[in-house]
Structure formats: structure tokens, C-alpha cells
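Trainee: There's a structure below that I have some questions on.
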Amino acid sequence: MQDAKIRRKDAVVKNCPAQKDPDRGRSPPPSDEVHSINETPASGPLGHHGHLPRRRISRKTDRKKARASTPSQPRAARHRTGWLRSEDTGNQCRQIHTMAGPVQYDSSASSSSRPLNTGASNSNSNNDPADRDELDFWSEDEDVADVLIEDPIHEELEAPLSFKRKQKQNALSAPSRLLSAFTGSRSGTASPHSLPRARTPTHDPNRSPRRAGAHGAASQGTKDGAPLDWYVEGPGRRVGYEDLTAIDWIFEYTKERQRLRVLHSGAQGLLGLFKQLVDASEVWIILILTGMAVGAVAAGIDITTDWLGDLKTGYCSSGPEGGAFYLNKNFCCWGYNEISKCGGWTPWAKALGVSSGGGKWFIEYFFFLILSVILASAAAMLVQEYGMYAKHSGIPEIKTVLGGFIIRRFLGSWTLITKSLGLCLAVGSGMWLGKEGPLVHVACCCANLFIKLFKNINDNEARKREVLSAAAASGISVAFGSPIGGVLFSLEQLSYYFPDKTMWQSFVCAMTAAVVLQAFDPFRTGQLVMYQVKFSTGWHGFELIPFVFLGILGGIYGGLFIKANMAVARWKKNTPWLPGPITQVAAIALLTALINYPNHYMKFQTSELVSNLFVECSKYVDDQIGLCKTGAASAPTIVLLIFGAILGFFLATITFGLQLPAGIILPSMAIGALTGRAVGIIMEIWVTNHPTFFAFASCEPDVPCVTPGTYAIIGAAATLAGVTRMTVSIVVIMFELTGALTYVLPIMIAVMLSKWVGDAFSRKGIYEAWIHFNEYPFLDNSEEMVIPDIPASQIMTRIEDLVVLTATGHTIGSLKNILDTHTYRGFPVISDPREAILLGYISRAELTYNLQMCSQPPRSLPPETEAFFSHQPLADPRTTLDLRPWMDQTPITMASRSNLHLAVSYFQKLGLRYVLFSDRGALQGLLTKKDVWYVLNGAEETRRTSGLSRGMGVETGLTREDGGGEHQGLLRDDGHEEGISPAEDRGPML
């Protein structure tokens, strides 16, 4: 045993009888077994072919002679077994079973023992004593011999075992590193941290993976700097994703690791360091450009919406006291403490020469109605004609996209233009909607346009979604003037996958957008938003009771609003006699104008209304609404405020969901601010009329004890939390709006109670409710969902109902026939129908692409061409089609006995599209993301309307095809599949 130097964890040593005749041939294992592609032998003491490595061969002629004496043997057997014998034929031998196959060696042989091939007997070579001391190679390539000759692993085994820590080498000084960087870039020598780049053969998709593994990068014993092939790492190749499909997160991150490996392996010298710096700077360039663009677009939207909103009541005339027509009311009357005394602003009644009281009111009311309807209808027409994805707020779709779903043109240039212009028109119309949510969509559109300039990020869907998550923070940053709140909003509400680096990237993008918006200063007040206020007073202990009351009201409002808004959406969806979307928008805009104008508080723009409700009267000069005038704290004011909140609730319910850009954040804040201001006025009247009450003992005399504006802010935070179910981000946003740290605790209390009360109605916020309504395949990664405690086998599609592909027995024509007959988005691949050993999974896109390309020049294979999914050593790659490179050979599999909780966790945490279930390698069934979505969202009614029995839709396999399964896009009316061109493989996915 003194020369047995093999130490390997995956080897099992067994005793075997002595071989009395060493020249007698031994039969190798059968070569027609089907093995996994991933069984490529790892480097180790046995080499890459199951051989014992030689330590040294002094003469090159010995290697040539050893190759010449090697008998022929099938290649598959060569990669499975290897044999070693010695001149001493009477010694006891042992057998080693490794991953590469059985190997025999002599336990008492000298160090000159060497492997020999006994697959086919050759008496001339085997009986020659001179040839017994030669090394037998099964490969035709001399590089493999060189690797076996100079085996660093075998040399390390010669050294005695030691458990002492090795001493680190002395670090090079800075001049030495600089000199080595120059010399490395010129001479091409490898750096200590990067081995030389090995020769990689030209890739051939039909090449045998075992042969490639023997001659490729895997045989070098180190990771190659060249891109690893499909059989070394990763689930295979992919073509471009189709519209309305989910991405493969595992494949995208594997592709990114391969790209970085290639980049760093070739990064030698100053040029290599420069390439790494440029690659790392791409993300930051995109984020800075996005922040600048979002800040500029937000400033333009603010200026335009204010001008259009004021245009409904008059215009700025040119004259001694006037300015220009394009100025809004505030800029036209700049310098006046009271805008009512401004002579440059001309109401429409004055422009038409109407001076009577009744006629003046009627003319202004008429222009208010007409312009409101025109602006809203124009926004709806823009959406209808130029960009359907510009409708609504866009946040439910952004959450779905960030979760891994492909929606083409949703973040395109036309969507950006339509959303920006339509948002100006819709907000200017005076309807109860906001621009905060749509600004998040605008920010993601800007980021997507800049992403297209950088190929490395544009070609990777996972990295693209990281950038979009960071860019979304800039939308909230410019909407509320809250950079930190925008980062938290992206983390809490939007992002499906939010690593630490994304938080830092979000911070940079949000900060850049806020700085650019501050530079534009659209309101000429130094404020980022119109309703940004500052408070100088604090709060008292007795005010906690009304704060708690406002929190409860906010939760009730949120729960009722979600239910009412979803009821309206379902009613419109199920009512065929309703008019078109443009007519609906025009009708609701007319109704909104009819209600808003007579109400003194609702007559103003929503942002202007919120600004007046938040204000502290002691610092307010121009009181347009009249809340700070003497006698404003009265019962009529309270009634008007509460009545305005009720009407706002009704108008927001029927407005959110129309075919125009519209958000729900600002209307919810306005409703909460109206309610909070009313409660604040009630408390102010109580304290004023009963100053000696014991609860008011902390109030100082001759100093306002209650500030109604603070109640408006807390009410706005409570209603916003009730609608969106956000917590931390709302507190930070409100803190940045007020700048008062003393009000953080009351806001936290109101937000907490609002969320608790809202969760009593439903655990879904307004955005999650719309995701469920639109049937987007989104599984929230953080939401605690109610999961049935059942085995996954009860809801999976069983193998009896699946359309599976066997490893062999196919032609190009038969596979095309399967694609034409079935519209599934993918097919499991098994060994044969009897054993059904799972070999992998191939999607419809990859299969369609390969069948199309092989039928076209230069290959032009006929329909009778054989196609296979397993290793076929005798197949001619020129006349056959090997589909293994395009098959996911390592799909995520689970035992069929697994609980549904575990399966749902796989889908949520890993972002999977499907999971295959097996039992001892045999395929049992399939579960898709939409199957899980159906179960978790209670779609039994949908299944019954599709002709499916309760709980049996997935099991019978009808859910996937006849019941609107995974083969159909969730926003698609049919399962039509378009041809995939090579350009789609490299084109943008969004």
C-alpha cells in the first residue's frame, strides 16, 4: 500500500480476487447506457477519464509508443472505465468505483504502475513486456496527455499531510504592482489571481458533451476564462422571451456569472482594469441619466398641469399688469399678497364682457365644464390611439414586471410620451386623480430607454429589473419631494427582489432626480412639491385620542374604497352595453366638474387643495380657500369639509380604473386631509370654548393649542396607509413633507391602526387588488398568504395528462406536428414511456426556434431528420438534430409527496415558472406558476365557468390548455404562437 497515493472522498475501495493472468482482456461496461449530461467527471487524482495520473514521463517517444499500443475501444466505454496493472501478476488488487467508473490498481505495485486498456484484447500489445511500462491514453489529443503527465494534484499528494496554516506570500508593493500591470498587459502572462486562458474548441451544438468535456475547459482542472458551454454550467441556451411570459431568473443570473467570468479572466494590465471599471460604471450612468430625465420631466409636468388647471377659470392677459398667456395664475400674479387683487389674471366672464352676477357665475361654470371634459377626453384619446399601456397608474404592472413578467411596449418610448402628455391633460382636467403613481411608471420608462444603450444590461432580464427597481424610487422622489421615502417605497411596495446594492442604487437615482427638480424649481418657492409645509408647533398628550380616531377612519376608508373600486371595475367588465372608454371618461369628467365647481373646497386642483389643508394658519398669507380667516372655525366649515370628503370618495372610486393616466395616492391624501382638517377644527373649537377642561391643562394661554393642519397631515397618512397598506415609507414621506420630527410618533400610530383596520377588510392593498383583477401572474415574495395544507400532488398536472417528449424516436416533422397540435408553453422530456425517467424540460420557444432554423439554409434539414434529446454517440451531427443544448437539463424538481407550502416557497423565493415532480427520478407531474396563482387566489369560480369541476382543473390538465392555462398569455385572447426570429434573442424584452 506504500505506493497507493489515491485519496478521494467519492471513491469506494473494495477487495477483489487476484488476477493470475494480467494479459487477459476484460470487458468494459456497456456503452449504450443513458447518463445525465451533468455527469462530467471532476478533476482529481483519477484525472478526467477515470485514470490514475502518471507523475512523470521522460521521453515523448514513450507517449507515442503508448498511444500506438492502445487497442480500440468504444468512446463511451473509454470515459467510463480505466484499468491499471503491474508486472507483478500475483499481487492482491483492489477495485475503486468512482464517478467516472471502476478502476483497478495493484496495492503492492511500484510507482511505475500505469493504466492500460482492456476493452478489446490485443495479444501483440498486451504480451509485449516492453509495452507494460507505457501509459495508455484513450484520447487522440496530446493535450490530455500533457495534463496527465504534469498533474499538480498528484504532486500535492506526494507531500505529507499537515494541518498547519500556510504562510501568506509577501504582498507586492505599489510600484511592483504597477510594473506588473504594465508587463502583464504587454507580455500576456497570467496574473497570480487568474490562470492562463485555456484553448476552447469551436462550439458545436450537436457535439457529444462527453467528448467536449474531455477536450474542453473541463479537462484543464481549472475554470476557463472562456464562456462555459451548456453542458458545464447553466440550464442551457435560450431564445428571446415571448410577450406575456415569465423570465427564468436562474438562467439570467447564470448568464451574468459567465459574462463576469469572461470579463475578469481577460482583465490583465491597465486595459483590463479599465474594462472592469467601464463595466461597473454602466449601471451608475443609467441611474444618473434616469434621475436627470425624471427630474426634468416632473418639472415639465408640474408647470403644465398648473397652467391647464388654471386655464379652466381664466388666462393671463398681456398688459400693464399682466404677463404672458402661458403663465399660470400664480406666476401671472407674482408679487401680489392676495391673488384676488391681481389685474393681470382675466376670468372668462370678464373676457366676454359679462358683468352681471348671475351671468358671470354661469359663464365661468360653463367654461369650467367644457374645458374639463375636453382635457379629460384628449387624455383618453391619446391613450386609446397611441399607448394603451399608458392607462391607470402603472404600479400594478410595474410590480408584475419586476416580479419577472414580460410585457412588451409597457416601458417603451411611445408609452413614455403618451403617459407624460396624458398625465398633464388628465390632472389638468380637475378629475379626482393624481400624478404620483404614474410618475413611477414614467421613471421606469426613462430607465428602460437608457438601458437599451448598454448591451450587457439590456440582454439580461434579471439585471434590467434591478435597475428598474432603483429607477422607480426616483418617481416617488419627485412626486413627494422625498428621496428617502422613494427608496423605501420601492423596497416596500414595488420590488420583488431587492438586494443591498439595489438600495444604494435607488438612493443615488432618487437623490439625482430631487436635485434636478430643485434646480428647475417649478413653483419658484424652493419647494419640490406644492404641498410641502413646515410646522413650528408641537402636539399635546390629549391629541392622541383624535389621532387614533383618524387612524381608524383611514383603515375603514381604505377597506371600503378597495371593495367599492373593485365592484365598479367588475361591473364595467361584465356590462356589455356600456359606451366606449373615451365616452366613459368624458361622462365622468363632466360629472366631476358639475360636483366640484359649486363646492368651495373641491373647486381647486387636488394638489392645491392638499396644500391649503396642510397649512399652518399663523404663517399663511394668501388664504384662497378661507380656512384661516376669522370665523372659519365654525360648523358650516366642518360640514363642507366632511361633505367634500364624501364626494371625493365617490369620485375617486369611479375615476380610478378609467382608460387614462391616473393615480390614487393624491386623491386618498386629499380625502384624508379633508377629514383630518374637520377633526382638527372640532378640536380647536372645543379647546377654545372650554379652556379650563382638565385635559387641556398643558395648553399655554394666548398661544394656539391645536393646529388643524397637523390633523390634516395625519389624516392623509392614515388614508394613504389604508389604501396602499404601506407603513414605513408613508411615515418617512410625511416626515420629509413636514420636516417636523415631533410628528413622527402620531403619524406612526395612525398608520399602524389604519393598516390593522384595513387588513380586517382584506389583506390586499389597492395595487394587489388590481393585480388580482387583471390576473397577472404575480406571487408576492413578502406577503403572508393563506396556503392550503395539502400535498402538491393534489393540484399538479399528472403525467397521464401531460404531453411529454421522449429522448429519442422523433423527427423534425413529428415535433412540428406536436407544436401544431398542442399549445403548451413547454414539454417535459423523459427517457421512455415505460420508465419515464426525467431528463429535462424544453420550452415551446426554444423548440420552435430550433425547428425553424434547422429547416432553413444553411442546414436545410428535411422533415424526416432524426431529432433527439439524449446522447447518441453514433449520430451524425450533419444529418441529425441534437436538441440537448436548448433543453433545461437541470430543472427544479421536488418529490410528489412535498407539501404545497414548500412548492409555493419555491415559486416565491426563486421566481420559478414551473416545478417538476418526480419519484426516484421518474416524472410524476408538473406545476406551473399560474396553477399556483389559481389556488392561492381562489379561482374556483373561474374554473367552473370554464367547464371545470372544483379543485380538478389542474389535475385533469385542462387548466393548462382548455381552461386558459400557461400556454395562453394572461392578457391574450388566444393561444396563437408567433414565429421567433433570431433578432428576438437579442432584442429588448420590454
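Glycine residues also receive a Cβ, built from the backbone N, Cα and C atoms like all the rest.
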Trainee: What range among 467-491, 492-516 does TrEMBL record as transmembrane segment?
Mentor: 467-491
Trainee: At a C-beta cut-off of under 8 Å, are there same-chain residues at least 6 beyond the transmembrane segment (541-562) that contact it? List them, or none.
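Mentor: Residues 649, 652-653, 668, 671-672, 675-676, 679-680, 683, 695-696, 698, 706, 711, 714-715, 717-725, 746, 749-758, 760-762, 764-766, 769.
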Trainee: If you count Cβ pairs under 8 Å, which stretch among 283-301, 664-687, 740-758 touches the transmembrane segment (439-455) the most?
Mentor: 283-301
Trainee: So are the transmembrane segment (708-734) and the transmembrane segment (283-301) touching or not, going by 3+ C-beta pairs under 8 A with a sequence gap of 6 or more?
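Mentor: No, these stretches are not in contact.
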Trainee: Could you pull out which residues elsewhere in the chain have a CB under 8 Å from any CB of the transmembrane segment (467-491), counting only those six or more residues past its ends?
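Mentor: Long-range Cβ neighbours of the transmembrane segment (467-491): 283, 286-287, 290-291, 294-295, 298, 398, 401-402, 411, 435-436, 439-444, 446-448, 451, 457, 497-498, 502-503, 505-514, 517, 527-529, 532, 665, 726, 728-730, 732-733, 736-737.
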Trainee: Can you see whether the transmembrane segment (577-597) and the transmembrane segment (740-758) are touching - at least 3 CB pairs under 8 angstroms, only pairs 6 or more apart in sequence?
Mentor: no
Trainee: Could you name the stretch, out of 365-389, 410-433, 638-658, 740-758, with the greatest number of CB pairs under 8 A to the transmembrane segment (283-301)?
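Mentor: Between the stretches 365-389, 410-433, 638-658, 740-758, 410-433 has the largest tally.
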